[in-house]
Amino acid sequence: MYKYLFSTSFAAINKRVFSTAMSSNAISRNVVNSVLAIEQEEGAGARVRRSIGTENLRNLTPFLMLDHFHVSKGAGFPDHPHRGQATVTYMLEGSSRHEDSAGHKGTIVAGGVQWMCAGKGIIHAEMPVHDPGHPDPRGLQLWVDLPKKFKMVDPSYQELDPEGVPSAFPLGPDGGVEIKVISGKSFNVESPVRPLGGCWFFHVKFKQAQKTIFHELPSGWTTFFYILKGSVKVGSPGSKVYQTFNTIVLSSNENEDGVQLTSAEDGTELILVSGEPLDQPVFQYGPFVMTTREEIQNTLMDYRFGKNGFEKAHTWKSEIGGLMHSNKAVRPYVYNTTF
């Protein structure tokens, strides 16, 4: 099991628990940017709402991309490679099957999470499961840059079923707020997931409007939240209301303890994500993320000639991809390519 590699350890983070309002000596982060996630096509017929990774929201280290996806029947994400990043898949509805060139396969159901470290290279497929009477697969996928020293490690997975994702109740069991702790620590509840690099990921659910929590965050970390349902206020109760499908980027001043969030509607849900910024360049060519142009060129050669992590690039085909197998050409995701 990997150890947390946070610059700010859990022990160094103030242990105070806030309930309905911010303590008088705590300072909330503020909003520095708000980007509406516009729906677009991705993969083979899937629809995604993308914010991070578009022209409107780049350079948000360590985060590379955030997709809120909906995979209808006949669509999916057939065989494709990765190197140099972690991909986090969190299912909200339905289920999705996955299979990779290292022999790993399984199914992620609603409420489950898969944290895949691509490391030096992996090829995988992600395909929806459409069962009669069940909703289409919907979920989130977050790409997180790996620290340079981990970009060429062997690929690995950490997976949790819904029952394995712990919950925190900042206002008490009947307080109307539940936080699913996908990674990191929330109100003294810690996830078993151990990313390579610092990353906290929470699913915050407000049962009613006008519920307020103050969530502590590691000092100086890059933080954003994405609104899945309803609307939210940040900071003081009279502040601006942010609506569904917006990604809200928060300030990261060293003196800010965390963020105060207030639900503006019943049933509001959001994901709150915070990551340790990386002091390294980002050179990205589609699903390949490295720190120099030369490393990208070497990656393309490795993939072309089937070596250094891509030994099965020309021989492996997933079973779940079926008729959707592509010719495995690497499509350059030009919206955020820096190569």
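From the backbone N, Cα and C atoms, a Cβ is placed for every residue, glycine too.
Whatever TrEMBL says is automated annotation, not expert-curated.
Here's what TrEMBL has on this protein:
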type	residues	note
BINDING	His80, His82, His124, Glu126	Fe cation binding site
DOMAIN	46-144	domain 'Pirin N-terminal'
DOMAIN	208-309	domain 'Pirin C-terminal'
For the domain 'Pirin C-terminal' (208-309), would you mind checking the mean pLDDT of the predicted model?
97
Below 8 Å Cβ to Cβ and six or more residues apart, same chain only. Which residues does that give for His82 (Fe cation binding site)?
Met116, Ala118, Gly121, Ile122, Ile123, His124, Pro287, Phe288
Mind giving me a neighbour count for Glu126 (Fe cation binding site)? Other Cβ atoms within 10 Å of its Cβ, every protein chain shown.
29
Specify the count of other C-beta atoms within 10 Å of the C-beta of His80 (Fe cation binding site).
19
Compute the mean position of the Cβ atoms of His80, His82, His124, Glu126, which form the recorded Fe cation site, and then list in sequence order the other residues of that chain whose Cβ is within 8 Å of it.
Phe77, Asp79, Pro81, Thr87, His98, Asp100, Ile122, Ile123, Ala125, Pro287
Could you put numbers on the helix, strand and coil content of the domain 'Pirin N-terminal' (46-144), residue by residue per DSSP?
0 helix, 64 strand, 35 coil
